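Peer 1: Before I ask anything, let me first share the structure, which is written out below as structure tokens.
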Amino acid sequence: MEIRNIKEFEKASKKLQKDTLKIALALLFLIGAALLALIFGQANSKGLLLIFAAVIGGYMAMNIGANDVSNNVGPAVGSKAISMGGAILIAAVCEMLGAIIAGGEVVSTIKGRIVSPEFINDAHVFINVMLASLLSGALWLHVATLIGAPVSTSHSVVGGIMGAGMAAAGMSAINWHFLSGIVASWVISPLMGALIAMFFLMLIKKTIAYKEDKKSAALKVVPYLVALMSLAFSWYLIVKVLKRLYAVGFEIQLACGCVLALLIFILFKRFVLKKAPQLENSHESVNELFNVPLIFAAALLSFAHGANDVANAIGPLAAISQTLEDASSPMGSTLNSVPLWIMVVGAAGIALGLSLYGPKLIKTVGSEITELDKMQAFCIALSAVITVLLASQLGLPVSSTHIVVGAVFGVGFLRERLREQSRRRFARIRDNIVAAHFGEDLEEIEGFLERFDKANLKEKSLMLESLKKSKNTAIALELKKKEKKSLKKVYKEEVIKRSILKKIVTAWLVTVPVSALLGALLFVALGFIEKYF
């Protein structure tokens, strides 16, 4: 008893030390954000207010890293394509690069079109709206991370701006037309994610998983899938990065993307051919070919997430900074470029939040939503890559959470349909087998089929292997080759595990109203503090 208590005390002590170190690092980062605002911010006499806003922006960025980045690397970690440490390192680097290189366009979207300019002409009121929205979004994300619920950072910030804007100038201040486009993108994104993931999962099943010679099929198909992913990402990079230096037409963009995709195809084809002698003709062995593509997908998603969701952390901060520099036009239509120091606060905050507090939700997304193998994880990741890059290019602050979970929904729905079909197929196969046999063998065969129907996946695999080895048994002799093949196909199509989605769906539903309520309350609280203190 005493030894157990000592071990529990040591465990609690180590956890406390670890948590204390995390808090210390987070505080150091917030101090760094304040120093950046002090040194590089140009807020004239309102420097203290800008420093406070920078701290809140850094706090928001850390919460985005802790909560939202899990969607990018969760499938890769959950399928064991990459370790937790490797995933965090890749995601942190790519998040920072995406935020700094390609994050400006979405920042401009967040910055001035959610609240109609003509309703808030006072710079002081506008700054309070932005502060309230930023803090409300950060607080809700913090709570969601503590309870282990991956939520939309876009929903959190937009809800906060809505609530604070309505508290400041009423419902008429909200640009409902613009928000309707954002809401539409929130619906379209998970739907696109689901449909694309379903398509690729079915494609992989038809072209690889259901083939007798899985090894040869995978060596042919996987390089094309990687090339497609490369095309999407390279085209995105050309559009987002090169357009700042030199404007190119669509034809040139597509041609450059195709050239890069072809190069990746050739390199990856050589890679899989070198790996071919080590592969076996089995599902598990073929799965290993998806390791590198999954790591590649995690990097792409992280880059796109940094480009897209950095706006949620620094959009309001950029608006506050610009307003403090030019108070005469707080909601003007002309948007200045976002200062580099603000981009650094957002990018570094996301990377630090991921490193310190990201593993919890990475495990949630990677294993609790659904149990994935590498093929299924690749379908989800590829679907998310295509959807989120398209959305980011359009300048829409969509939710990567919705995209990834939408893809999981799609994969789960397809697997559920396949399971139902496999059950019906098994019933037909059973009837056909029973009808074709009689006598003493029939009783033994019926017993085998009943055990097969009730067995889990691992047990089914062992039972099918026993048919190959037990050539002298009645079952092995009486079950025809075609009947064994049919049973094998039923085994392949059974679903491993149903997704646990209630917590995530509930979090989606309450994010906007909760963040809006917090935004309104914080706006009122800021006004009260300024008036009486």
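If you go along the chain as it appears here, the first residue is 1 and each next one adds 1.
Glycine too: its Cβ is placed from the backbone N, Cα and C atoms.
Feature table excerpt (Swiss-Prot):
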- 23-43: transmembrane segment (TRANSMEM)
- 47-67: transmembrane segment (TRANSMEM)
- 81-101: transmembrane segment (TRANSMEM)
- 129-149: transmembrane segment (TRANSMEM)
- 156-176: transmembrane segment (TRANSMEM)
- 182-202: transmembrane segment (TRANSMEM)
- 221-241: transmembrane segment (TRANSMEM)
- 248-268: transmembrane segment (TRANSMEM)
- 286-306: transmembrane segment (TRANSMEM)
- 338-358: transmembrane segment (TRANSMEM)
- 372-392: transmembrane segment (TRANSMEM)
- 509-529: transmembrane segment (TRANSMEM)
Peer 1: If we call contact 3 or more Cβ pairs under 8 Å (sequence gap 6 or more), are the transmembrane segment (182-202) and the transmembrane segment (286-306) touching?
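Peer 2: Between the transmembrane segment (286-306) and the transmembrane segment (182-202), which are separate recorded stretches, there is no contact, as judged by 3 or more close Cβ pairs.
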Peer 1: Counting only pairs 6 or more apart in sequence, are there at least 3 Cβ pairs under 8 Å between the transmembrane segment (156-176) and the transmembrane segment (221-241)?
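Peer 2: With fewer than 3 qualifying Cβ pairs, these stretches do not touch.
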Peer 1: In terms of Cβ proximity under 8 Å, which residues at least six beyond the ends of the transmembrane segment (248-268) contact it?
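Peer 2: That would be 222-224, 226-228, 230-232, 234-235, 238-239, 242, 292.
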Peer 1: So if I exclude everything within five residues of the ends of the transmembrane segment (372-392), which remaining residues of that chain have a CB under 8 angstroms from its CBs? That is, six or more out.
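Peer 2: For the transmembrane segment (372-392), the nonlocal Cβ contacts are 71-72, 75-76, 78-81, 102, 105-106, 185, 189, 192-194, 196-197, 200-201, 204, 208-209, 225, 228-229, 232-233, 236, 240, 283, 287-288, 290-291, 293-294, 297-298, 300-301, 304-305, 307-308, 366, 398, 400, 403-404, 407-408, 410-411, 496.
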Peer 1: Do any residues of this chain, six or more beyond the ends of the transmembrane segment (221-241), have a C-beta under 8 angstroms from a C-beta of it, and if so which?
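Peer 2: For the transmembrane segment (221-241), the nonlocal Cβ contacts are 101-102, 105, 200, 204, 207-208, 248, 253-254, 256-258, 260-262, 264-265, 268-269, 272, 289-290, 292-293, 296-297, 300, 303-304, 307, 378, 382, 385-386, 389, 392-393.
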Peer 1: Quickly jot the same-chain residues contacting the transmembrane segment (81-101) by Cβ under 8 Å, restricted to those at least six beyond its ends, or write none.
Peer 2: 65, 69, 72-73, 240-241, 290-291, 294-295, 298-300, 302-308, 310, 340, 343-344, 346-348, 350-351, 354-355, 358-359, 362, 374, 377
Peer 1: Under an 8 Å Cβ to Cβ limit, what residues of the same chain, 6 or more beyond the ends of the transmembrane segment (47-67), are close to it?
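Peer 2: For the transmembrane segment (47-67), the sequence-distant neighbours (Cβ-Cβ under 8 Å, at least 6 residues beyond its ends) are 26, 29-30, 32-34, 36-38, 41, 92, 95, 127, 130-131, 134-135, 137-138, 141-142, 144-145, 150-151, 153, 157, 309-310, 312-314, 316-317, 320-321, 324, 342, 345-358, 360-361.
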Peer 1: For the transmembrane segment (23-43), give me same-chain residues lying six or more residues beyond its boundaries with a C-beta closer than 8 angstroms to one of its C-beta atoms, as numbers and ranges.
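Peer 2: Long-range Cβ neighbours of the transmembrane segment (23-43): 49-51, 53-55, 57-59, 62, 321, 324-325, 339-341, 344-345, 348-349, 352, 356.
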